[in-house]
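Over in Swiss-Prot, the protein carries these features:
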- 95, 96, 97, 98, 99, 149, 191, 218: substrate binding site (BINDING)
- 95: active site, proton acceptor (ACT_SITE)
- 249-255: region 'RNA binding' (REGION)
- 268: active site, nucleophile (ACT_SITE)
- 273-277: region 'RNA binding' (REGION)
- 306, 308, 311, 337: Zn(2+) binding site (BINDING)
């Protein structure tokens, strides 16, 4: 790992593989385990950078594919790079665009060279290769960048998944060659679908390349929750203990606890802001629909114990009114609360690991279904 990047494990759970640590980047530290809010188009929807900082967010994710389409990496560079362009001075990560491209199943063609697809914005034909993905990410300037990978769908047969996994490795080698900036850490991505032996082979092969960090991709794409848990539990321990481990696209309470127990450090997910835009609050493991009639005259805060701006200043009744009226402020307040909730959740897990009380305080999540909606 470059001298400007480092990962230090501070404590480990004595009964699981959970760990707490510090990931150092050029734009500051990330205390792990940590949830990362998603700012797809260089903004976390409905939330300003100042508000985002108050949630406790330390690292934010943006999307290479979407930023390439709009406004274009040249515009971002002209604005001083991604951090300055969006007004966020903390650590940042950009994904490679692979997941988004491969979700365009009817609009793209895969070859060894890369992926050709038709832009959903204007119909323009775009070619994205490992080299082009890295070039765009180098221009954007995030602290952590991701290798361009092929994300197989679920379900997919073994032959298809094996071919995608092997291509992902070859593309990673090309990404490493193309990568030009020492102030950016390139993470590799372990694919392999639901086939644990393919996951193990990919993890062992990737770790030989001694990258600054590693991610588990291709999960939360439609497979049953218990299958995702098996993938993470089998794969995470195979990744180097002295490097950060990132589980892509995961952000529910139970999923994060299972992953942390397996040794995962970082998470990202659009759930807190997406649910907010549907009038849903995340509260201590539950999902509350603020449209429900019972909240219309409920003048308590969403969560009396939450320090966020929404809970310190507004009632459930008021936010319910905003949701019913489709006021933008509703989405802002719920996004602030939901992001704060997930970050506080991972902070509490971190503290429990430091005191070796992880299993005592969070073990019930490992054996139970997601809590029912209130």
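Even glycines carry a Cβ here, placed using N, Cα and C.
Feature annotations (Swiss-Prot) mapped to structure.
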residue	record	contacts (Cβ under 8 Å, 6+ apart)
95	substrate binding site	61, 63, 64, 65, 146, 248
96	substrate binding site	64, 133, 137, 145, 146, 147, 148, 149, 175, 189
99	substrate binding site	151, 217, 248, 249
191	substrate binding site	149, 150, 151, 152, 161, 164, 165, 168, 198, 199, 202, 217, 218
306	Zn(2+) binding site	312, 337, 340, 341, 344
308	Zn(2+) binding site	54, 55, 336, 337, 340, 341
311	Zn(2+) binding site	301, 302, 303, 304, 337
| note | Near substrate: residues not in 95, 96, 97, 98, 99, 149, 191, 218 with Cβ within 8 Å of the site Cβ centroid are 101, 102, 146, 147, 148, 150, 151, 189, 217, 248
| said: With the cut-off set at 10 Å between Cβ atoms, which of these recorded positions ends up with the most neighbours? Options: 149, 268. | reply: 149
| request: Would you kindly give the Cα-Cα distance separating residue 268 (active site, nucleophile) and residue 98 (substrate binding site), rounded to the nearest Å? | output: 16
| Tell me, by DSSP, whether residue 308 (Zn(2+) binding site) is helix, strand or coil? | coil
| What's the CA-CA gap between residue 97 (substrate binding site) and the residue listed as 'active site, nucleophile' in angstrom, rounded? | 15
| query | Counting only other Cβ atoms and using a 10 Å cut-off, which of the binding-site residues 98, 218 scores lowest? | reply | 98
| said: Suppose you look only at the region 'RNA binding' (273-277); what would the mean pLDDT be? | reply: 98
| task | Work out the three-state DSSP category of residue 97 (substrate binding site). | result | coil
| remark: Same-chain shell around Zn(2+) excluding 306, 308, 311, 337, C-beta within 8 angstroms of the CB centroid, reads 301, 302, 303, 307, 309, 310, 312, 336, 340, 341
| task | Around the Cβ of residue 97 (substrate binding site), how many other Cβ atoms lie within 10 Å? Please give the count over every shown protein chain. | result | 25
